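A quick write-up on the structure given underneath.
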Amino acid sequence: MRELAIEIGVRALLFGVFVFTEFLDPFQRVIQPEEIWLYKNPLVQSDNIPTRLMFAISFLTPLAVICVVKIIRRTDKTEIKEAFLAVSLALALNGVCTNTIKLIVGRPRPDFFYRCFPDGVMNSEMHCTGDPDLVSEGRKSFPSIHSSFAFSGLGFTTFYLAGKLHCFTESGRGKSWRLCAAILPLYCAMMIALSRMCDYKHHWQDSFVGGVIGLIFAYICYRQHYPPLANTACHKPYVSLRVPASLKKEERPTADSAPSLPLEGITEGPV
């Protein structure tokens with residue numbers, strides 16, 4: 001229980017840091033007049049995939065898949081716990097890392113011009129006249145948090161399904177339905193990332209790098225708890241594969257159980 005409490009505490013701390021960084025102001029990067037066209041896209045009020053929906057998909061999808069697998073395969077509580085710990089760590093680390101980069105880089109969004117100058121008229125000093133909160137949020141383009149969270153949560157779901165379905169082991173290779181089922185979450189993550197460019201909220205580099213960050217954390221945290229996908233036991237967490245210390249002691253040969261040497265043909269020598 002103590003180890004579990006520590007694990008939960010680490011994740012709570014990371015999510016706390018993530019929420020804290022959400023309210024910090026980013027670096028105010030100087031925008032040169034010749035590059036203003038990059039940030040002059042229209043300001044879209046209604047997103048294709050709102051932030052709340054993105055968080056719901058990224059957080060609830062892996063949890064729902066884990067619960068469905070438990071019902072179908074009747075997995076034990078230990079396996080469910082390990083899966084929850086792995087995906088929660090991936091999401092927490094991803095959030096902290098993505099927001100940290102956002103604040104340090106301070107890249108303007110594609111619609112930054114109309115956040116800064118709502119009337120479409122730029123003054124000579126280039127001092128923003130728009131809502132300060134909207135302007136500050138407009139300097140958090142790189143990388144895309146929609147993309148990073150989508151690829152973190154749904155990317156983990158892909159690795160989890162690939163392990164459960166043995167997509168890359170001898171028994172599972174060549175069965176296309178297994179591979180399609182495993183990569184479906186990644187397809188959904190890609191659609192979420194691309195939607196941010198359609199909303200003029202991110203440049204393509206923002207979505208691409210965000211996806212890479214999310215996928216890296218998804219794989220790292222998955223491998224912390226599960227064997228490689230090519231392993232024959234990839235459907236089980238490491239905890240379930242470890243041999244308990246009590247069993248190890250029972251397997252050790254004792255003096256009574258040690259094999260005896262044959263005595264035939266052995267005679268006593270002279271004293």
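Every residue, even glycine, has its Cβ placed from backbone N, Cα and C.
Taking the Cβ of HIS146 (active site, proton donors) as centre and 10 Å as the limit, one finds 32 other Cβ atoms among all the protein chains shown. Look at Swiss-Prot and you will find HIS146 tagged as active site, proton donors.
Sequence annotations record features per position, and here Swiss-Prot assigns active site, nucleophile to HIS202 based on similarity to another entry. When secondary structure is read from DSSP and collapsed to three states, HIS202 (active site, nucleophile) falls in the coil class. The Cβ of HIS202 (active site, nucleophile) lies under 8 Å from the Cβ of ARG109, PRO110, SER141, PHE142, SER144, HIS146, SER147, ARG196, GLY210, each of which sits 6+ residues away along the same chain.
If you look up Swiss-Prot, you'll see 102-110 marked as region 'Phosphatase sequence motif I'. Taking Cβ pairs closer than 8 Å, the region 'Phosphatase sequence motif I' (102-110) reaches residues 21, 24-29, 31, 38-39, 41, 137-143, 145, 200-203, 206 in its own chain, all 6 or more past its ends.
When pLDDT is averaged over the region 'Phosphatase sequence motif II' (143-146), the result is 97. Sequence annotations record features per position, and here Swiss-Prot assigns region 'Phosphatase sequence motif II' to 143-146 based on experimental evidence.
Cβ atoms under 8 Å from those of the region 'Phosphatase sequence motif III' (195-205) belong to residues 38, 41-44, 47-49, 107, 109-111, 141-142, 144, 146-147 of the same chain, restricted to positions at least 6 beyond its ends. The region 'Phosphatase sequence motif III' annotation in Swiss-Prot covers 195-205.
The region 'Disordered' annotation in Swiss-Prot covers 250-271.
Counting only same-chain residues six or more apart in sequence, the Cβ atoms lying under 8 angstroms from the Cβ of ASP206 (site 'Stabilizes the active site histidine for nucleophilic attack') belong to ARG107, SER141, PHE142, PRO143, SER144, SER147, ARG196. Per Swiss-Prot, the feature site 'Stabilizes the active site histidine for nucleophilic attack' maps to ASP206; the stated evidence is similarity to another entry.
The list of residues near the transmembrane segment (4-24) in space but at least 6 beyond its ends in sequence, with Cβ under 8 angstroms from a Cβ of it, reads 81, 85, 88-89, 92-93, 95-96, 99-100, 103. Under the heading transmembrane segment, Swiss-Prot lists 4-24 (among others), citing sequence analysis as support.
What Swiss-Prot lists as transmembrane segment is 49-69 (among others).
Here Swiss-Prot flags 84-104 (among others) as transmembrane segment, drawing on sequence analysis.
For 142-162 (among others), the entry in Swiss-Prot reads transmembrane segment, with the evidence type sequence analysis.
Summarising the annotation, Swiss-Prot assigns transmembrane segment to 179-199 (among others) and lists sequence analysis as the type of evidence.
The transmembrane segment annotation in Swiss-Prot covers 202-222 (among others).
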Helix, strand and coil counts within the region 'Phosphatase sequence motif II' (143-146) (DSSP): 2 helix, 0 strand, 2 coil
DSSP helix/strand/coil residue counts for the region 'Phosphatase sequence motif I' (102-110): 4 helix, 0 strand, 5 coil
Residue numbers, six or more beyond the limits of the transmembrane segment (49-69), whose CB comes under 8 Å of its CB atoms: 75, 80, 83-84, 87, 91, 146, 149-150, 152-154, 156-157, 160-161, 164, 185, 188, 192, 195-196
